[in-house]
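Okay, structure first, notes after.
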Amino acid sequence: MLGGRKQGDDPHGITPFQAFVTGLASRVGVGNIAGVAIAIKVGGPGAVFWMWVTALIGMSSAFVESSLAQLFKVRDYDNHHFRGGPAYYITQGLGQKWLGVLFALSLIFCFGFVFEAVQTNTIADTVKAAWGWEPHYVGVALVILTAPIIFGGIRRISKAAEIVVPLMAVLYLFIALFIILTNIPMIPDVFGQIFSGAFKFDAAAGGLLGGLISQTMMMGIKRGLYSNEAGMGSAPNAAAAAEVKHPVSQGMIQMLGVFVDTIIVCSCTAFIILIYQQPYGDLSGAALTQAAIVSQVGQWGAGFLAVILFMFAFSTVIGNYAYAESNVQFIKSHWLITAVFRMLVLAWVYFGAVANVPLVWDMADMAMGIMAWINLVAILLLSPLAFMLLRDYTAKLKMGKDPEFKLSEHPGLKRRIKSDVW
């Protein structure tokens, strides 16, 4: 799943692994630390169970939308890679260009502007709390760090994600496993708390809340059930960029992204907090997770978590940009428009660091809701194609073949799919 370019693909394009970590860069963020803490405080330990449930459901939608993104992707000859996502499969698969444009505009606003500001706001707050740096200087530093990556396009973004995402995941999982292993006698009780509290009403409500916050990442902002971005239509933009032999391989690997995000990373945070035996008091979000870590490893854990929070948030900044750029290109592919868009993104990166951003969330909620509804309807209507792809993939596996999708074997699709891709 993480390898297997087709023969003749551009060697300078995006590998399956790079597409995976780019998607994971956006999925795994500050909310995996803060959002889980809020969910547990709101709904108790049982909230964790409901976050697991939303992840398992989300894996199904992630498979369908990412497989469709691969099937309907287009070749970007100027930049030597593929582009795709809901805007593309809505236009080609459903024949509704206006709906694809509406989706693209909603995603650009959410992921290109608002969510970038939310991430950098979190970084600025965390850095100020840990080391006393003023938000203005943090904002300037973030612009300087972000600019060369986003001006390098999707290939540079994917290469940055290829380095940052595994590093941040390993560091956080290391500290989490250390805490869990040093408190191994408490683990059965932790599971007992999770399952015994799972079917209380407040636990279910808290879990659904946490499922969203683990992706939208705002300190204590309460949203709904768009857990792990699965179904929202964001990750397929990264999935489509990969050069693979069969669309299903990216569908499966993006399912793994949802699993890693919630079942692994969020669960690590949950276990750290549930091992913490002190009253929560006024602690919430990242502060609660920080207190739990400090209680186990000492004061150095506060600085360690600040570094992890920075890496989580910054990786999401570049992952979100990759999604938004693909949709800008969908609406109008022109170097000047892309350059202006990149400058606007940098402006929002700085704005988020120095300003209070809750005022823009009402607009983001509307745009995010539009995205989710359009995409969920689209993948429902196009899901027969995703299952056709799965049958094609499994049939070739059973025949002992390395599955490779060939458009010539599916003549009914030829009118809707670009012939130069498959």
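Heads up, the Cβ atoms here are built off N, Cα and C, so glycines get one too.
In TrEMBL this protein carries:
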type	residues	note
TRANSMEM	49-72	transmembrane segment
TRANSMEM	98-115	transmembrane segment
TRANSMEM	135-154	transmembrane segment
TRANSMEM	163-184	transmembrane segment
TRANSMEM	190-213	transmembrane segment
TRANSMEM	255-277	transmembrane segment
TRANSMEM	297-323	transmembrane segment
TRANSMEM	335-361	transmembrane segment
TRANSMEM	367-390	transmembrane segment
Looking at the stretches 135-154, 163-184, 367-390, which one shares the most CB pairs under 8 Å with the transmembrane segment (297-323)?
163-184
Check the transmembrane segment (49-72) against each of 98-115, 135-154, 255-277, 335-361, 367-390 and return whichever range has the most CB pairs under 8 Å.
255-277
Please give the sequence-distant neighbours of the transmembrane segment (335-361): residues at least 6 beyond its ends with Cβ less than 8 Å from one of its Cβ atoms.
108, 112-114, 116-121, 123-124, 135-136, 138-140, 142-143, 146-147, 150-151, 218, 221, 317, 321, 324-325, 328-329
Can at least 3 Cβ pairs under 8 A be found between the transmembrane segment (98-115) and the transmembrane segment (367-390), with each pair 6 or more apart in sequence?
yes
Residue list, the transmembrane segment (255-277) vs rest of chain: Cβ under 8 Å, 6 or more residues beyond ends.
1, 20, 23-24, 27-28, 32-33, 35-37, 40, 45, 48, 51-52, 54-55, 58-60, 62-63, 66, 169, 172-173, 176-177, 179-180, 183, 186-187, 190, 193-194, 210-211, 214-215, 227-228, 230, 235, 288-289, 291-293, 295-296
